[in-house]
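First comes the structure, then the notes that go with it.
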Amino acid sequence: MKALLTLGLLLLSVTAQAKVYNRCELARILKRNGMDGYRGVKLADWVCLAQHESNYNTRATNYNRGDRSTDYGIFQINSRYWCNDGKTPRSKNACGINCSALLQDDITAAIQCAKRVVRDPQGIRAWVAWRTQCQNRDLSQYIRNCGV
């Protein structure tokens with residue numbers, strides 16, 4: 001009985017853990033989902049963005065005390081504008097999704113919402129981390145030896 005309880009707790013802890021992609025795995029998934037060149041944004045920019053926003057972690061969250069919003073998932077998509085978490089005052093939910101969808105190991109919803117973000121006038125500049133860590137830099141290291 002004790003062994004079954006231990007096994008159950010172990011399985012529960014494994015399912016609660018986030019998927020943390022490596023850069024090449026992420027680059028291949030993003031390329032397969034049409035992100036390379038989407039709205040003029042190169043694949044290396046997306047990988048750089050994900051590294052600096054979430055360290056490639058699908059379950060990353062960051063609460064912003066100032067406007068009481070939260071950033072969700074591998075791209076740290078904000079609940080004030082892009083998704084609904086049921087907690088953020090005056091949320092716009094421009095992606096039309098629940099924020100929990102951005103925390104899945106399957107990042108399809110996060111990719112679709114990121115595409116929606118870059119269709120806005122700010123484009124990829126909507127992400128502070130991209131402006132401070134990726135913009136105007138040589139990003140070739142982010143996709144080097146990835147076969148993409």
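Every residue number used here counts from 1 along the chain in the order it is shown.
Yeah, the Cβs are placed from backbone N, Cα and C, and that goes for glycine too.
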Open item on the list: So CYS134 is in a disulfide according to Swiss-Prot. Which of these is its partner: CYS48, CYS83?
Closed with: CYS48
Open item on the list: Going by the disulfide annotation in Swiss-Prot, which one of CYS95, CYS99 is bonded to CYS113?
Closed with: CYS95
- [ ] Could you tell me which of CYS24, CYS83 is bonded to CYS146 by a disulfide, according to Swiss-Prot?
- [x] CYS24
- [ ] By DSSP assignment, list the helix, strand and coil residue numbers for the domain 'C-type lysozyme' (19-148), in that order.
- [x] 52 helix, 16 strand, 62 coil
Task: Sequence-distant neighbours of GLU53 (active site) in its chain (C-beta under 8 A, six or more apart) - done: ALA60, ASP71, ILE74, PHE75, GLN76, TRP127, ALA129
Task: CYS113 (disulfide bond) to CYS134 (disulfide bond) - Cα separation in whole Å - done: 20
